[in-house]
Amino acid sequence: MSTFFFLLRRALAKMETHPFPFPHMPDSLTEALMAVQGGTMDIHAPSETPERLVGRLAHSRSRCKGCGTCISVCPCGAVTLSDETGKIDVDLARCCLCLQCVEACPLSALSVTDEFLFSTTDREGLRPSDEEPRQPRDERDLWALGEERP
């Protein structure tokens, strides 16, 4: 019986959503934008990203040697070896952001950025950014949830 009341409380509770960019969906987006321009409505600024947020992958092509370790640990098949370059390609449309490839890479060629708003209608836009990893492998903390790294 307690499960029933728990589910009932959950069903009747107010939904928690992130107020970005508006606190609720306006009836007309055009009217909302005109109200913002007129100063009668405010747009919520994006909130600060948590320090250990898991965002878009970054792939340093200069560090990658094409060893394939990341390919063997990827559960989604998002990491493939390019025949042209002999280095890896990551398809973020297939990636589940488990970060096994980042942990497995012996050369730290893969890292995580704090960019989390990377939705697009173009699959080519879902490629990892080509930048150097933010921190050396022994200092970075990839655990987004839970306890610290042992």
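Cβ from N, Cα, C; glycine included.
Feature annotations, reproduced from TrEMBL:
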- 55-84: domain '4Fe-4S ferredoxin-type' (DOMAIN)
- 86-115: domain '4Fe-4S ferredoxin-type' (DOMAIN)
- 122-150: region 'Disordered' (REGION)
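Residues in the domain '4Fe-4S ferredoxin-type' (55-84) partition by DSSP class (helix H, G, I; strand E, B; coil) as 5 helix, 6 strand, 19 coil. As a summary of secondary structure, the domain '4Fe-4S ferredoxin-type' (86-115) carries 5 helix, 6 strand, 19 coil according to DSSP.
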